[in-house]
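As recorded in TrEMBL:
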| type | residues | note |
| --- | --- | --- |
| COMPBIAS | 17-35 | compositional bias 'Polar residues' |
| DISULFID | Cys112-Cys122 | disulfide bond |
| DISULFID | Cys226-Cys236 | disulfide bond |
| DISULFID | Cys327-Cys337 | disulfide bond |
| DISULFID | Cys425-Cys435 | disulfide bond |
| DISULFID | Cys521-Cys531 | disulfide bond |
| DISULFID | Cys619-Cys629 | disulfide bond |
| DOMAIN | 45-143 | domain 'SRCR' |
| DOMAIN | 158-256 | domain 'SRCR' |
| DOMAIN | 259-358 | domain 'SRCR' |
| DOMAIN | 363-450 | domain 'SRCR' |
| DOMAIN | 453-552 | domain 'SRCR' |
| DOMAIN | 557-655 | domain 'SRCR' |
| REGION | 14-35 | region 'Disordered' |
| TRANSMEM | 756-778 | transmembrane segment |
Amino acid sequence: MVVEHRVEQRVEKREAVTQSQLEDVKTQNSDLQAQSVSPPAELSVRLVNGTTSCSGTVEVFYRGEWSAVCSGWWSMRDVMVVCRELHCGDAVAVNQEALVEEGRRGVAIKSCRGHESTITECGFREGGPGYCDGRNYHYVICSDLQAQSVSPPAEHSVRLVNGTTSCSGTVEVFYRGEWSGLCSSWWSMMVAKVVCRELDCGNVVAESRGPLFEHNTRGVRLSSRCSGNEYFIRQCDNRGGPGYCFGEYYHHVICSESVRLVDGAGLCSGRVEVKSDQSWASVCEADFDRQDAEVVCGELGCGAPAALQGGLYGGGEGQTSDKEFQCKGNESLLLDCDTSDRENNTCLPGNAVGLTCSEPDDVRLVGGDSRCAGGVERYDQGEWRTVGTLSDVKDIAAVVCRHLGCGSTVSVPPGNPARGFEASCSGSESSLRECPRSYDRSPGLTVICSESVRLVDGAGLCSGRVEVKSDQSWASVCEADFDRQDAEVVCGELGCGAPAALQGGLYGEGEGQTWDKEFQCKGNESLLLDCDTSDRENNTCLPGNAVGLTCSEPDDVRLVGGGSRCAGGVERYDQGEWRTVGSDWDQRDVAAVVCRQLGCGSAVSVLPGNTTGAHGVVCDGTESALRECVITFDRHSGLTVICSSVQPDISLTDSMGGVSRGHQGPEVFRGYSFTITCSTQPQYPGGSFLLTFTCSNRTQTQPAVNHSAAFLFPAADDSHQGNYRCVYDNYGFSHNFSSESELLSLTITASPLPAFIIRHVVVLLILLTAITTSYLYYKPTRRQKRVNRVSSVDLYVNAMEMVSLSSRAEAGPGEERAAQGTE
């Protein structure tokens with residue numbers, strides 16, 4: 001009975017505890033219910049009508065209700081912030097959805113930078129009912145970290161199919177629940193590089209055109225270009241979507257599987273890393289020699305090894321391979337080489353091996369006088385193909401010359417009339433295969449490069465830091481070893497005009513070696529390497545002394561038949577004769593380049609030229625000279641250009657020493673005369689200059705004589721203080737030309753001494769100098785001395801009288817009385 005009683009007591013006690021716990025749970029539930037009915041925070045965000053909690057249409061809680069988000073343009077940076085705020089992982093995609101219902105309240109989000117924690121940090125443009133009329137919803141997909149194990153592939157993820165390995169094949173993109181082919185009119189190794197990185201497949205080895213899309217086959221268009229630094233295709237800010245790809249091609253990519261080069265400047269340089277147990281590891285310098293490097297360069301589709309050094313491209317952050325490679329140099333893959341365990345299983349910091357391979361021999365110039373001149377061809381899919389373009393001529397030529405190790409671009413003459421595959425470069429690429437290309441047919445491109453000298457980091461073809469080629473590498477030149485005669489040879493070799501500026505550090509320092517010779521050109525040599533050289537006395541070049549050179553543009557463009565050097569039909573000097581230039585499109589851009597090259601201001605009008613066939617020209621308007629534009633063999637009607645006058649110059653002079661340079665600009669002493677001169681470059685005959693004064697309505701006008709006019713002010717006073725400007729007006733070719741100079745700010749100040757005292761002192765000094773000179777160089781008789789003394793006294797008296805008269809004529813009333821008192 002006692003036992004039963006104790007059991008009953010325990011049961012009652014347990015029931016009491018359970019009842020207490022239930023009461024606590026009820027209290028907690030009531031608290032949760034209270035929380036659930038409280039409104040969301042103002043301007044919080046949610047995704048609705050999606051397939052998961054981390055996908056759907058974006059809405060923002062605004063003034064007590066969920067409102068549409070209807071910004072005109074959304075980027076992946078905005079999506080990153082939404083996903084971060086909702087704790088939904090990475091941004092995957094953003095799509096434009098249906099139109100917002102008419103009359104619905106909406107919110108527009110300002111552009112996010114991608115680092116914000118919430119959308120509110122990006123800023124809003126708030127609107128009332130009807131604010132979103134005519135705009136669209138935005139549909140967002142985040143990676144949803146909690147559902148990744150069971151969720152389908154991420155939107156816009158990629159895969160390679162029908163290849164020989166998991167790292168080769170045709171590119172497909174997952175879009176809206178299915179895998180689709182990727183079609184793009186522009187494709188490059190940079191896009192393929194991102195594909196390989198996303199698939200964790202090492203470096204891109206090759207990319208090629210696949211078969212044509214089947215009729216009525218839908219694919220995903222890649223309408224943006226990757227830089228090559230992205231980790232995923234979706235990070236290329238792609239604005240593509242589904243569409244019919246009929247008439248376009250699939251793209252085939254081959255990536256390396258077990259080796260890659262990272263943190264390098266291009267596709268063929270970087271720190272060597274090998275794949276081991278699904279992770280990447282750096283290689284120690286002691287475990288890797290030139291024969292190993294030859295295998296890696298070959299496996300990655302590059303040329304022979306050029307540099308091999310520990311720490312060349314950083315130390316790496318991950319693990320280090322514990323194997324020593326023992327390649328013979330003829331293996332196809334690094335994993336085909338024998339390996340052995342490292343004797344000492346440590347690799348000191350800074351010893352992760354870096355490798356630079358030369359670029360592959362897949363570009364050549366044909367039909368020229370040397371390997372650095374001719375029509376551009378690229379080896380592609382087993383044959384040499386012509387390369388053409390309708391834009392980016394200067395940038396493509398720079399990449400070709402760099403790829404071939406041929407220095408700077410000298411000229412881009414009209415190319416092969418045969419049309420080639422179109423290329424487009426930014427100018428910074430290491431090789432032509434890094435540039436996007438399309439299969440559209442464009443006029444062939446011909447490039448002439450220098451062989452032993454180049455200008456780098458400049459604004460155009462005729463400016464940059466001077467570098468010369470030595471032992472197959474480029475070296476900067478020290479300012480002390482390079483003078484104007486050397487510069488004349490370089491400018492001539494590069495097809496430019498006379499040197500305009502020569503200065504150390506003008507275009508940076510460069511990162512390589514410095515040339516150890518001093519040039520001794522006479523100025524008439526054809527090539528810099530034809531000049532004599534001598535060893536530098538002091539074998540050091542201080543920082544900031546790498547010589548920079550700016551050459552003027554060549555005199556290979558002119559305007560004829562217009563009565564002025566700035567108006568007429570466009571002609572270009574080519575292959576020993578002047579040829580008519582024409583264009584049926586981009587005429588304003590062509591005219592802008594012509595006027596810029598001639599120093600004739602901006603283009604005023606573009607008129608039809610003569611009807612004789614002319615070489616076609618295509619410019620984008622930013623080029624420094626016409627030779628940087630595309631020149632074709634297509635025949636067009638000639639082009640007539642009228643340029644404006646350039647900005648006139650304004651200057652201040654005086655003949656009495658009354659002008660000084662103050663903190664606020666030029667200063668003129670009160671009572672002194674001064675002259676303001678307006679001038680312009682000789683372009684059009686005649687014209688006039690108007691001198692305006694901002695402190696009053698007073699203006700003066702004079703005709704332009706020898707392209708200038710002088711405005712004389714006899715005596716400065718306080719009313720002359722203010723801002724002056726020259727306005728040049730002219731009329732010609734049925735156009736009024738007008739251009740203004742910069743402002744000249746003039747300050748009138750008191751003279752440190754009265755003007756008449758200064759004039760007396762000046763005259764006395766002149767007399768003293770004359771008397772002293774006569775005494776030193778002549779030995780007159782006593783009688784002559786008396787005559788000379790009398791003459792000197794007379795001369796002094798006459799001079800004093802002239803000074804006094806001029807003082808009274810030029811000085812103000814107060815100064816005149818002071819002068820009379822002094823006398």
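Cβ atoms are placed via backbone N, Cα and C, with glycine included.
Where the annotation comes from TrEMBL, it is an automatic prediction and has not been curated.
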Out of the disulfide-bonded residues Cys226, Cys425, Cys435, Cys521, give me the one sitting nearest to Cys629 (disulfide bond) by CA distance.
Cys425
Candidates Cys226, Cys236, Cys425, Cys435 (disulfide-bonded residues) - the one closest to Cys619 (disulfide bond) by CA:
Cys425
Between Cys425 (disulfide bond) and Cys226 (disulfide bond), what is the CA-CA distance rounded to a whole number of Å?
13
Fewest other C-beta atoms within 10 angstroms, as judged across Cys435, Cys531, which are the disulfide-bonded residues:
Cys531
Summarise the model's confidence over the domain 'SRCR' (363-450) as a mean pLDDT value.
82
Could you check the disulfide-bonded residues Cys112, Cys122, Cys226, Cys236, Cys521 and say which one's CB has the fewest neighbouring CB atoms inside 10 Å?
Cys122
Using a 10 angstroms cut-off on Cβ to Cβ distances, just flag whichever of Cys327, Cys337, Cys425, Cys619 is the loneliest among these disulfide-bonded residues.
Cys337
What is the total of other Cβ atoms whose distance to the Cβ of Cys629 (disulfide bond) is within 10 Å?
26
Round to a whole number and give the Cα-to-Cα distance in Å for the pair Cys236 (disulfide bond) and Cys521 (disulfide bond).
50
Have a look at the disulfide-bonded residues Cys112, Cys226, Cys337 and say which one has the shortest Cα distance to Cys531 (disulfide bond).
Cys226
What is the separation, in Å, between the Cα atoms of Cys435 (disulfide bond) and Cys112 (disulfide bond)?
30
Rounded Cα separation (Å) that holds between Cys112 (disulfide bond) and Cys327 (disulfide bond):
51
List only the single closest residue to Cys226 (disulfide bond), chosen from the disulfide-bonded residues Cys122, Cys327, Cys337, Cys521 by CA-CA distance.
Cys122
